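What TrEMBL says about this one:
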{"type": "BINDING", "residues": "Cys110, Cys114, Cys117", "note": "[4Fe-4S] cluster binding site"}
{"type": "DOMAIN", "residues": "96-312", "note": "domain 'Radical SAM core'"}
{"type": "MOD_RES", "residues": "Lys324", "note": "N6-(pyridoxal phosphate)lysine"}
Amino acid sequence: MKAAPPPSPQHTLRSAKALIEAGLAPATERTALEHVEARYAVAVPPVLAALIEPGNPDDPIARQVVPQAEELSTAPHEVEDPIGDQAHEVMAGLIRRYPDRVLFKPVLVCPLYCRFCFRRAHVGPGQAPMLPPHQVEAALDWVAAHPEIREVILSGGDPFMLSPRRLSAIFKRLDAMAHVEVVRIHTRMLTAAPEKLDQALLEVLGASAKPLWVVAHINHAKELTSQAVQAVRALMRVGVPVLAQSVLLRGVNDSVEGLGGLLRALLRARIKPYYLHHLDAAPGTAHFHVPVEEGRALLEALRGTISGTAMPTYTLDIPGGYGKVPLDADHLQAIPHGNFPGMVKAPDGSTRSFQR
């Protein structure tokens, strides 16, 4: 008789040992996975753990959240800061790449740790979980003193890991800045831990005087559970629209069926697909890489077969911090092949290279 699978975890799984005991990782990989765990943070919350098919190495949720031995190999072009955060950090937690907006990172922990995270070397256990109050205030003082800043993007980590009280304090400071027009919140919480969007948090979001936009990180249709959809509707009820940004990932959404299914599922959940990101070259992520020409072909195959409302912009975050650009004919000047880099036109008009 076939043994029954282990019961679904009730708590976030944070180690190779816990994942193996839950039946979500093979015991034969224990040593390699413990080495990965020592290098990069691990967290698989119950909602996502329950979606994983035990024993299926191709499960699209497991691919995203369960550590893999391949993470121990770093390709020559992979670096710890692939999008140049540090080069554009004006002070602790505050990054400025564009004239009219800043990215604010008040927290450096997440409800889950993606195996392809471009900030994987800078988030999770071993890092300070959040900026101390004096650094939060200093960052907000900087924004207040720069009237050209029209948009503030809360990122991290995951901003929804902050308590409603801390978030409210940030929003109140931003509400007092007449030049700040929009606040964006980048999060994984809608699919990783939708129960966190409780009444206390919703009241804080609904009380903001600034237009808020939530940008949810979602890569596969399976992530859109009934709880996630309910969280989206709760946000809409307090006046917060939801966009999605996804990453094109080998073995997760790199087929017409997988990507098309994701984009249609997002629309059904009342989420507008926004960006489809080309993978950032963080250490130990090469096994997720999908070549640019393949990504462009996928979107071309979908064009005309699904609603235009469902089509995201296929985007590269140029290595070194030169900004995001669409991977279209107007910006892509050369496709990378072999040892030859790709070339793109950056937002400032310069030409920049990227390896893969």
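Each residue, glycine too, has its Cβ placed from N, Cα and C.
Structural mapping of features recorded in TrEMBL.
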residue	record	Cβ contacts under 8 Å, 6 or more apart
Cys110	[4Fe-4S] cluster binding site	Ala41, Ala43, Val123, Gly124, Gly156, Gly157, Asp158, Met161, Arg188, Ala192
Cys114	[4Fe-4S] cluster binding site	Gln64, Val65, Arg120, Arg188, His217
Cys117	[4Fe-4S] cluster binding site	Val123, Ala282
Lys324	N6-(pyridoxal phosphate)lysine	Tyr275, Thr315, Leu316, Asp317, Ile318, Pro347
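Looking just at the domain 'Radical SAM core' (96-312), the mean pLDDT is 97.
Within 8 Å of the Cβ centroid of the [4Fe-4S] cluster site, not counting the listed residues Cys110, Cys114, Cys117, the chain contributes Ala41, Leu112, Tyr113, Arg115, Phe116, Arg119, Arg120, Val123, Arg188.
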